[in-house]
Amino acid sequence: MTQGKGVEAGQTVGDFNPSKKPKRNKYAFGCAILASMTSILLGYDIGVMSGAAMYIKRDLKVSDVQIEILLGIINLYSLIGSCLAGRTSDWIGRRYTIVFAGTIFFAGAILMGFSPNYLFLMFGRFVAGIGIGYALMIAPVYTAEVSPASTRGFLTSFPEVFINGGILLGYISNYAFSKLSLKLGWRMMLGVGVFPSILLTLGVLAMPESPRWLVMRGRLGEATKVLNKTSDSKEEAQLRLAEIKQAAGIPESCNDDVVQVTKQSTGEGVWKELFLHPTPAIRHIVIAALGIHFFQQASGVDAVVLYSPTIFEKAGITDDTQKLLATVAVGFVKTIFILVATFMLDRVGRRPLLLSSVGGMVLSLLTLAISLTIIDQSKSKLMWAIGLSITMVLTYVATFSIGAGPITWVYSSEIFPLRLRAQGAAAGVVVNRTTSGVISMTFLSLTKAITIGGAFFLYFGIAAIGWLFFYTVLPETRGKTLEDMEGSFGTFRAKSNNTNNNGIENGNAKVSQLQLATNLQP
């Protein structure tokens, strides 16, 4: 096969990693920042609703079940956006899909801020939910496609960073507007969500289109310019272009600025290849992607984040201001530890960081369940148990944020082959939001049925099962090119996928750099 200029046979992206620590690609960094800003929309909504719910319940005089539905239903609404986002991003491009997400959420925030009653508020959350669904799917996909392999984990973790940043902003908004009148306060909390969507839409103007989408549309000249800016070297840019051209069915020797692509990715046949007739490798990828999304949410993170004031009230804090300040502390801890995680993903690897994170979640959930049960059954106020409960809430969000939070989005966005990536990522988001919706819409009812301690015993059990799933099913992906990812799957022997210092799989060292992962036999 003809090799690109400057690329020798047998080379991989790992061969272009300098011996010294590479200088971080500032252009790719900026693109990842702008794309990941879409995740602020979900984070802000989660954070602000945790506090606003107290005032909505008092002002609109609604029941606990109605509050559960109000808080959790947006996750189900977001499924509409997530299901549409895969096809939309293949049709109009990743960049304009991000603009679309911000525009829809802007409309939803306006509607929620001016809601006169419960039904109108539900409609506003329906509109905002569609925008959130779009944002959740497109941010990690775009970032993975624009990132060089050496820093893909770092950059693809940014959506989770911005989710946490949005949660913190929502908590701060709760505290800032809590002193306003009952009718105005919660409406201001929800309404100021328009500002992140405005900043997002303006920021996208500075972003290029995804090079993979450009190649799939035959726009090689534009794709080459983007790859030259987002790669660590010219040679790596040539290699990435050659791999994507191969995936798009474009001859390696074709270097025209615009070419005709015969197998454009428009979504046809993707669902059949993912779920009806998958290869062993694709089946493994689908199980891994959907499983990591399920266990991330089923372990109860949204119950902790959305109902922090309720949990702190059960733990013994009754003053509204103190409860809101405690939730701000939760937001700060989540944000700090997610920032730590971004610098560890490409150094430690996905697998060890995820297993350590979920192990910490298991222990903190068990301890939280025990302490809340003791508080619930005690007739006196036990300060040590209250302190332990608060500490375990903070420990849980810290351990979640250092691994399970960011790695879910990084992992699920990088393991699918190009032809399946948009729809595969959308399927992961569907599982994520459905599970989150079930958890958030049942938490208050669950605590009444089996006590709040019992609820966290349940989440502890799910997290423990999740750790076993991750240990068994998920191979390491650090340092591999997106096109070479499929070769790591299909055997369910996660421990055997060892990597060398560059993160390139030893067993694949002899594979030609232009051989597609889609052609590798598991």
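Placed from the backbone N, Cα and C atoms, the Cβ positions cover glycine too.
All annotation found in TrEMBL is predicted automatically rather than curated by experts.
The transmembrane segment annotation in TrEMBL covers 27-47 (among others).
TrEMBL lists 31-478 with the feature domain 'Major facilitator superfamily (MFS) profile'. In the predicted model, the domain 'Major facilitator superfamily (MFS) profile' (31-478) has a mean pLDDT of 85.
According to TrEMBL, the transmembrane segment annotation covers 67-84 (among others).
Residues annotated as transmembrane segment in TrEMBL: 96-114 (among others).
Feature annotation from TrEMBL assigns transmembrane segment to 120-142 (among others).
According to TrEMBL, the transmembrane segment annotation covers 154-172 (among others).
Taken from TrEMBL, the feature transmembrane segment covers 184-207 (among others).
Tertiary neighbourhood of the transmembrane segment (324-345): same-chain residues 47, 50-51, 153-154, 157-158, 160-161, 164-165, 167-168, 170-172, 174-175, 178, 304-305, 308-309, 312, 317, 353, 390, 393-394, 397-403, 405-407, 410, 478, selected by CB-CB distance under 8 Å and a gap of 6+ residues from either end. According to TrEMBL, the feature transmembrane segment maps to 324-345 (among others).
With a threshold of 8 Å between CB atoms, the same-chain residues lying at least 6 positions outside the transmembrane segment (357-375) that come near it are 295, 299-300, 311, 314-316, 382, 385-386, 388-389, 392-393, 395-396, 398-400, 402-405, 407, 451-457, 459-460, 463-464, 466-467, 470. TrEMBL lists 357-375 (among others) with the feature transmembrane segment.
Sequence annotations record features per position, and here TrEMBL assigns transmembrane segment to 382-411 (among others).
Residues or ranges marked as transmembrane segment in TrEMBL: 450-474 (among others). Sequence-distant contacts of the transmembrane segment (450-474), counting only residues of its own chain at least 6 positions beyond either end whose CB sits under 8 Å from a CB of the stretch, comprise 284, 287-288, 291-292, 295-296, 298-300, 303, 311, 314, 350-351, 354-355, 358-359, 361-362, 365-366, 368-370, 372-374, 376, 411, 443, 492, 494.
Note on the transmembrane segment (184-207): residues 30-31, 34-35, 37-38, 40-41, 44-45, 48-49, 51-52, 55-56, 59, 95, 98-99, 101-103, 105-106, 108-110, 112-115, 124, 128, 131, 166, 169-170, 173-174, 177-178 of its chain, located 6 or more positions outside it, place their CB under 8 angstroms from a CB of the stretch. Counting only same-chain residues 6+ beyond the ends of the transmembrane segment (67-84), those with a CB under 8 A from a CB of the stretch are 42, 45, 49-50, 53, 56-57, 101, 104, 118, 121-122, 125-126, 128-137, 302, 306, 426, 429-430, 433-434, 436-445. Long-range Cβ contacts of the transmembrane segment (154-172) within its own chain (Cβ-Cβ under 8 Å, at least 6 residues beyond either end) map to 28-29, 32-33, 35-51, 136, 139-140, 143-144, 146-147, 189, 196, 305, 324, 327-328, 330-332, 334-335, 338-339, 341-343, 345-346, 401, 405-410, 413-414.
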